[in-house]
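Peer 1: Handing you a structure now.
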Amino acid sequence: MCDAFVGTWKLVSSENFDDYMKEVGVGFATRKVAGMAKPTLIISLNGGVVTIKSESTFKNTEISFKLGQEFDEITPDDRKVKSIVNLDEGALVQVQNWDGKSTTIKRKLMDDKMVLECVMNGVTATRVYERA
């Protein structure tokens, strides 16, 4: 099922991302720079390992994981988190845990777009990507 996510995706819209980053605890300057970035996501699958590369003027990051297995991640805003990604009703659902806090990033496919819903403490950001 992860095969449907494989490809290159370009951010086309972002809603409420600054409020979400603020809730996560991202500082003002980092929020402003990150909020202006238009990342490209490159998702690949190799032998059951999913890799998500994010490339932007803000920062380039890469995570690789197997579904259902916890892994260490350093986020673009330099948080050290424990992440786990599961497939839930066709969506890739990532949970990041750090310092007693938790956020969920849900990636789902809708109408040839990939929609990211980032949620923390009731604050939701929606970011929409189209195939590049």
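Using the three backbone atoms N, Cα and C, a Cβ is placed for every residue, glycine included.
Here Swiss-Prot flags CYS2 as N-acetylcysteine. Look at Swiss-Prot and you will find SER13 tagged as phosphoserine, backed by similarity to another entry. For TYR20, the entry in Swiss-Prot reads phosphotyrosine. The motif 'Nuclear localization signal' annotation in Swiss-Prot covers 22-32, and the record cites similarity to another entry as its basis. Annotated fatty acid binding site per Swiss-Prot: ARG127, VAL128, TYR129, in sequence order, evidence recorded as similarity to another entry.
Describe each of these features in terms of where it is and what it packs against.
Peer 2: DSSP gives CYS2 (N-acetylcysteine) a helix state. The Cβ neighbour count for CYS2 (N-acetylcysteine), using a 10 Å radius over every protein chain in view, is 15.
Sequence-distant neighbours of SER13 (phosphoserine): residues of the same chain at least 6 apart with a C-beta under 8 Å from its C-beta are THR126, ARG127, VAL128.
In the three-state DSSP scheme, TYR20 (phosphotyrosine) falls into the helix class. Taking Cβ-Cβ distances under 8 Å and a sequence gap of 6 or more within the same chain, the neighbours of TYR20 (phosphotyrosine) are CYS118, VAL119, MET120, VAL123, THR124, ALA125.
Within the chain, the motif 'Nuclear localization signal' (22-32) has long-range Cβ neighbours (under 8 A, six or more residues past its boundaries) at 77, 79, 101, 103, 120-121, 123.
The Cβ neighbour count for VAL128 (fatty acid binding site), using a 10 Å radius and every protein chain shown, is 16.
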Peer 1: Show which residues of the chain containing TYR129 (fatty acid binding site), separated from it by at least 6 in sequence, have their CB under 8 Å from its CB.
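Peer 2: Listed in sequence order: TRP9, LYS10, LEU11, VAL12, LEU41, LYS113, MET114, VAL115, LEU116.
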Peer 1: Ten-angstrom check, please: count other Cβ atoms within 10 Å of the Cβ of ARG127 (fatty acid binding site), all chains counted.
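Peer 2: Step by step: centre on the Cβ of ARG127 (fatty acid binding site), count other Cβ atoms within 10 Å, giving 21.
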Peer 1: With the fatty acid site defined by ARG127, VAL128, TYR129, which remaining residues of that chain have Cβ atoms positioned within 8 Å of the Cβ centroid?
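Peer 2: Close Cβ neighbours, site residues excluded: TRP9, LEU11, VAL12, SER13, SER14, LYS113, MET114, VAL115, LEU116, THR126, GLU130.
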